[in-house]
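Step one of this worksheet: look at the structure below.
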Amino acid sequence: MAMRGSNRFRQLHSRSCLRSLQTTTTANRKPSTRNQPKTTSSLATDADIVKWNIAITNHMRNGQCDSALRLFNSMPRRSSISWNAMISGCLSNDKFYLARQLFEKMPTRDLVSWNVMISGCVRYRNLRAARLLFDQMPERDVVSWNAMLSGYAQNGYVKEAKEIFDEMPCKNSISWNGMLAAYVQNGRIEDARRLFESKADWELISWNCMMGGYVKRNRLVDARGIFDRMPERDEVSWNTMISGYAQNGELLEAQRLFEESPVRDVFTWTAMVSGYVQNGMLDEARRVFDGMPEKNSVSWNAIIAGYVQCKRMDQARELFEAMPCQNVSSWNTMITGYAQNGDIAQARNFFDRMPQRDSISWAAIIAGYAQSGYGEEALHLFVEMKRDGERLNRSTFTSTLSTCAEIAALELGKQVHGRVVKAGLESGCYVGNALLVMYCKCGNIDDAYIVFEGIEEKEVVSWNTMIAGYARHGFGKEALMLFESMKKTGILPDDVTMVGVLSACSHTGLVDKGTEYFYSMTQDYGITANSKHYTCMIDLLGRAGRLDDAQNLMKNMPFEPDAATWGALLGASRIHGNTELGEKAAKMIFEMEPDNSGMYVLLSNLYAASGRWGDVGRMRLRMRDRGVKKVPGYSWVEVQNKIHTFTVGDSVHPERDRIYTFLEELDLKMKKEGYVSSTKLVLHDVEEEEKVHMLKYHSEKLAVAFGILAIPAGRPIRVIKNLRVCEDCHNAMKHISKIVGRLIILRDSHRFHHFNGGQCSCGDYW
């Protein structure tokens, strides 16, 4: 409703400009009637100019800028109206620079010329140029002042708008309405209230604007106070109040006002439908919808969206097919619904059938493929979208960057980043945070920090993402330094921040620092520790070998430990070979998550390391009896925008012979460097030589070998694994990085490892 008020303000401003143009035109013509009588030829000349001006205006209205310019250039004589028509037409046809050039060439400028050009600068958000022209004006009228007020208000410069408002020698209703709208639209509701109370004779549009501001901020009592005081009401007044109650769940009051409303238009009915939908009352929404005397596309889309939200796609589709006014929004709703319900085939069917698409359509289908695990198809669609010439919006960029992050497609992510820069969206939080996540998850923490630095107004999500990124990459000290910087900026950490901080301590072995942060959370920041914080602490203590302290902390938790907490204890037991504690933790996990294959494998590793092959076999039988299947491990690497995926002992990759030959060569060199296979990790009671062979061709080793062969020297090798990297591969990567002189960045399901010169960023503390 506030937006409708804003449009009304622009309409009033346009009419004021028109009146100014008419007044100036009359003034320009008066001297010719007071002077000596015109000759027949001079009268004909004036009539010709009028015809030329009308022709120019008509060409401009039809978007024929070049034709209008040719007419203008061929005119034997021009009036100020000719120049103003050209300038105004250029601005209407998005030819700002041409309008500015014409303005600069004008032999004499009248008040209309200045006002039109200032309004053009405002329209194109060039407030600096608008203010420069405003300050140069030889004279100003209320239209001039209102143009500057409107420019500042619409672009969020409330302070500057107020300065203009206070300096105005004469204010009209447009001035007062503009200042009120500036306060309301920019969240300065108390300033708006003070301004509103300072004057009694407000127009209806202002009452609606003030009420809409309160509704937008869920201050329904204040909004109702305005509504009850209004000297008159229109459909906007009733619809705003009904919509406010409905959207905030006060449906009885909304229904009462709905029944009292003297005039119900399609917006009134739609407000009730939307209110019921938003509060999950779909049957009531359908009852109102069926009773509507008139429906528009918004009404249909609202009820269809309701069925989509309730995952009742069959009914949603029935309504969609019956809809007489299908539009791109309707198609997008159906695509999003099917995608969110996991039916990507139907989503694609609707996408392919669309008569026309917009950027939201592309974003919806790209996000659908990404969320369904079809990352490569999502990226293929993004490339196709670019070829189609469709304008990319924030949602498209964010969905695509999210997909790049999940499959670690860094090169394509960089290309998307380039498009983000061209679109001018890099410094905003919404896309900036998506870029942050992409670089962090793709293993490029340095570029992530560059993006972080470039975000103009960092919110807590930006800080949290960067802190968690450093933590996951094993740069705990950098994460904690960033945390201290965050506090200095005045941004308060939240519970997510502290998970990142404790995780940084856990991955770096900073036990004392982590303990200090954990116990100061409530006192320093008012954050109550949740299960994630306790899990981080148990992981921190367990990794450090303080298993008794970890158990005691678990016993003293204010709530029952969940599977993740017991999983941290089981992981610590495996590291330190405590089979008894590991069995206890595993038993609790199996009761909570009997189908968690990862925990079966973790306990099996613990048994295998202790030589308890009978227990390993029993675990395998237990998994088979329960129908639990071990998640197959696979790794992938991006080479020239293509993802190459490997499984253990892979035999299908076209470069397999070359890869295996190279691995054999590496194996010989590693053994000379002192590498010994960690055969205790093999979950089979077989000969030692067979164990060595089984470890040699793990998926991450194959991916790294291919990366070394295919990626030019000097560039990092970035490999992703869906499971946790095993101890043998971790040890092998250190040797390989030293032998080939390459930086190897390996991301597993838990964290990143940066191997360089025979060392790992985790310091073997993982």
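Along the chain as shown, residues are numbered 1 onward.
Cβ from N, Cα, C; glycine included.
According to TrEMBL, the region 'Disordered' annotation covers 20-42.
Nonlocal intrachain contacts for the repeat 'PPR' (79-109), taken as residues 6+ away from its ends with a CB within less than 8 angstroms of a stretch CB, comprise 21, 24-25, 28, 49, 52-53, 56-57, 59-61, 63, 65, 68-69, 72, 116-117, 119-120, 123-124, 126, 129. Among the features that TrEMBL reports, repeat 'PPR' is placed at 79-109 (among others).
Annotation source TrEMBL lists repeat 'PPR' at 110-140 (among others).
Per TrEMBL, the feature repeat 'PPR' maps to 141-175 (among others). On the 0 to 100 pLDDT scale, the repeat 'PPR' (141-175) averages 86 in this prediction.
Annotation source TrEMBL lists repeat 'PPR' at 203-233 (among others).
Residues or ranges marked as repeat 'PPR' by TrEMBL: 234-264 (among others). Sequence-distant contacts of the repeat 'PPR' (234-264) (same chain, six or more residues past either end, CB-CB distance under 8 Å): 1, 4, 204, 207-208, 211-212, 214-215, 218, 220, 223-224, 227, 271-272, 274-276, 278-279, 281, 284.
Under the heading repeat 'PPR', TrEMBL lists 265-299 (among others).
Taken from TrEMBL, the feature repeat 'PPR' applies to 327-361 (among others).
Residues or ranges marked as repeat 'PPR' in TrEMBL: 459-493 (among others). Tertiary neighbourhood of the repeat 'PPR' (459-493): same-chain residues 429, 432-433, 436-437, 439-440, 443, 445, 448-449, 452, 499-501, 503-505, 507-508, 510, 513, 525, 527, 751-754, 760-763, 766, selected by CB-CB distance under 8 Å and a gap of 6+ residues from either end.
What TrEMBL records for 674-766 is domain 'DYW'.
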